[in-house]
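The transmembrane segment annotation in TrEMBL covers 90-110, 116-135, 155-181, 187-205, 217-237, 249-272, 302-317, 363-384.
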Amino acid sequence: MASVGAGTLHHPSLLPLVSDLCHRPPLCYRVSQQAISCKKWKTKVKIHGRLPALKCSSQPQTIRLTTGEKEEGEEAEISRMTLIWRAAKLPIYSVALVPLTVGSAAAYFQTGFFSTRRYFLLLFASVLIIAWLNLSNDVYDYDTGVDRNKKESVINIIGSQTATHFAAITFLVFGFMGLIWACAEAGDIRFILLATSAILCGYIYQCPPFRLSYQGLGEPLCFAAFGPFATTAFYFSQSSKNLTSGMNHLSLSATVLCASVLVGLTTTFILFCSHFHQIDGDAAVGKMSPLVRIGTETGSKLIRIGILALYILLFTFSACKYIPLTCSFLCAITIPLAKLVMDYVEQNHNNKLKIFMAKYYCVRLHSLFGAALAVGLVVARGGVQLYNIG
């Protein structure tokens, strides 16, 4: 038998075979030019499954994975704690905090009154209602099959659709009881009517027989629920019947309406971007989300248009004195983050692994923009007479 040593072949007929073995990458991996380094090949070749392994006498075989393969491996082996974190969706609960904070700040801007106890009562109730929204969404998406293979689905983690549904309903009941309590304290029926309207938007968004999110109407419902309905409702929640002048029902002002539009937009960005990595699964079960209809490339351009519209509206409302200049100044600080969101979505709209993070960047924008808007309203309280449209 011919031997191979020191880079010299004693049998010319073996040259093509050995050359092919040295340079051809295995079936399961991409191998760089330096991936296999051997000084002396033995004639014996071992086969492990479909992956041919060349036995090297002096150096071990080394395989280098590309970045994409590392990401695929990481996605396939997500730890249970990571799945629980994703299922909990804790950053998403900012959608409970921001409308409440902006609405309460708008009420303080108008009257100088703020009930801390009522604020935290409503925060707790709002968190429970968002928990209902998230859990019931998992339940009904599991029914339609869209979440059957979703590893971070609560149902797939705990193994019980019935228990998940029961927990969702329990959260809704206790959350709504908190809203009723706050309404009784405020003495303003408009609060509970608007809050109920926001909850109904959440119901028809996902629950049978409506499931309007499957018709591509999730984003308009999200805008209405968290913008005009919830933000304005929390504005009315700061009404008071304990002032010396008697009942103090807040008037509906342009300030709170404009602020609610801005909050609704930033919340809608979160929902819209959550569809990018789910587009194939949505299309497979007939869930016609906006991105299924228009595609991810057009969707990335729509995000840019939406964010530009957000800041155009912000500065327009301020120029018209519907919201104070302090709001525009503080919210303008979030422009670099908004640019990051636009660029990230445009660059990664086709990358299902990376685009998953887009909704969390939108959560950051939503939270910081809402905080800046609320602080701007509170700081401007000294000039309330200049900006009061009520």
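Every residue gets a Cβ built from N, Cα and C, even glycine.
Whatever TrEMBL says is automated annotation, not expert-curated.
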Field: For the transmembrane segment (363-384), sequence-distant contacts whose Cβ falls under 8 Å of one of its Cβ atoms, 6 or more beyond its ends
entry: 91-92, 94-95, 97-99, 101-102, 104-106, 108-110, 112, 255, 259, 262-263, 266-267, 269-270, 307, 310, 323-331, 333-334, 337-338, 341
Task: Using a Cβ cut-off of under 8 Å, list the residues of the same chain at least 6 residues beyond the transmembrane segment (249-272) that approach it.
output: 92, 95, 98-99, 102-103, 106-107, 109-111, 187-188, 218-219, 222-224, 226-228, 230-232, 235-236, 238-239, 290-291, 299, 302-303, 306-307, 309-310, 313-314, 317, 322-323, 327, 341, 359, 362-363, 365-366, 369-370, 373, 377, 387-390
